[in-house]
Amino acid sequence: MKQFTSVNDVDNIDQLVQDALALKANPYGSNDLGKNKTLGLVFLNPSLRTRLSTQKAAINLGMTVMVMNMDKEGWALETQDGVVMNGTTVEHIKEAAAVMGQYCDILGLRSFPKLVNRDEDYNEDFFNKFVKYCGVPVVSLESATRHPLQSLADLVTIKETWKGTGKPKVVLAWAPHVKALPQAVPNSFSEWMCKAQDEQWLDFTIVQPEGYELSEDFTPGAQIKYNLEEALEGADYIYVKNWSSFKEYGKVLTYPDGWMMNNEKLKLTNDAKVMHCLPVRRDLELSSEILDGPNSLVIHEAGNRLWAAQAVLKDLLQNLS
Ligand code: CP
């Protein structure tokens, strides 16, 4: 791989999943691969899992890690070309990204959408400019539209835990929230699950209230449903997640009661394992009884973020020119 910004950067997802599981079994087998190499992690938004798992992954590979909280510690960045910078922005992304590329062999970037202008967010203007100007391989730590390190960890978790016969039924289920959240996690999860479905690993369904449909660009081949109970029938994995509307961009729409996942709804499934990327709002998105119960995979899934990140960094290090 030359970069890791979406599933489209991966030639062979099976190999990457196997690499992640091999690293989980033997974390320090490549601990000299990253010697004298530096990973820079640039955050424009908060993070717990992505920050710590990617740092730990780099350390396991022998890399040096630098973290920049750009939102709190960096200069305010200008992203538009051709503007006279006589306002609040101090440094253009052309210089800022290029300078970071001078200090680092690989850069990670987290840049959430503003959820105001759909075209602006879905064009990934900031992210793409960062990639263009930094001049080194970039790992997405979550962009406006995707969170591929999370999705890889999710796929690793499903592959690792599925002990049934045949293909598991995986359901991405919309859940309530008080805030307008990005579509990056569900877009990305869907994109990876659709790819896995193409490879005959699983069957994939998305269920959401009317008005919360994801962009069709991210859901090729997914079964789309609107009735939660119907979608949950026979499910082996339920991926619970809130997202704001794509159609009425960034809005929290009204929806009927009954979308929070709980033990009552689990009875409709094939004793499904329940996943969530975290952070999760207890008893709003997902019931405490599930989170504290035997069906929850959320901690296991978060643990696999480390092996997903390590597999990606290992591949990038092996392909550094
Ligand atoms: N799931 C996830 O990306 O967590 P953080 O936002 O804490 O990194």
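Keep in mind that glycine also has a Cβ here, set from the backbone N, Cα and C atoms.
Feature annotations, reproduced from TrEMBL:
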type	residues	note
BINDING	SER47, LEU48, ARG49, THR50, TRP75, ARG110, HIS147, PRO148, LEU149, GLN150, CYS277, LEU278, ARG305	carbamoyl phosphate binding site
BINDING	GLU142, HIS177, LYS241, ARG281	N(2)-succinyl-L-ornithine binding site
DOMAIN	2-160	domain 'Aspartate/ornithine carbamoyltransferase carbamoyl-P binding'
DOMAIN	203-314	domain 'Aspartate/ornithine carbamoyltransferase Asp/Orn-binding'
Distance, LEU149 (carbamoyl phosphate binding site) to HIS177 (N(2)-succinyl-L-ornithine binding site) (CA atoms, angstrom): 23
Candidate binding-site residues SER47, ARG49, LEU149, CYS277, ARG305, pick with smallest Cα gap to LYS241 (N(2)-succinyl-L-ornithine binding site): CYS277
Pairwise Cα distance for HIS147 (carbamoyl phosphate binding site)/ARG281 (N(2)-succinyl-L-ornithine binding site) [Å, integer]: 19
Local backbone state of HIS147 (carbamoyl phosphate binding site), from DSSP in three classes: coil
Separation of alpha carbons, GLU142 (N(2)-succinyl-L-ornithine binding site) and LEU149 (carbamoyl phosphate binding site) (Å): 8
Length of the line joining the Cα atoms of ARG49 (carbamoyl phosphate binding site) and GLU142 (N(2)-succinyl-L-ornithine binding site), in Å: 12
Same-chain residues at least 6 apart in sequence whose Cβ lies under 8 Å from ARG281 (N(2)-succinyl-L-ornithine binding site): HIS177, VAL178
Around the Cβ of HIS147 (carbamoyl phosphate binding site), the count of other Cβ atoms that are within 10 Å: 26
Among TRP75, LEU149, HIS177, LYS241, ARG281, ARG305, the binding-site residues whose C-beta sits under 6 Å from ligand 1: none
Number of Cβ atoms other than its own within 10 Å, given for LEU149 (carbamoyl phosphate binding site): 25
Binding-site residues listed as ARG49, HIS177, LYS241, ARG305, least Cβ neighbours within 10 Å: HIS177
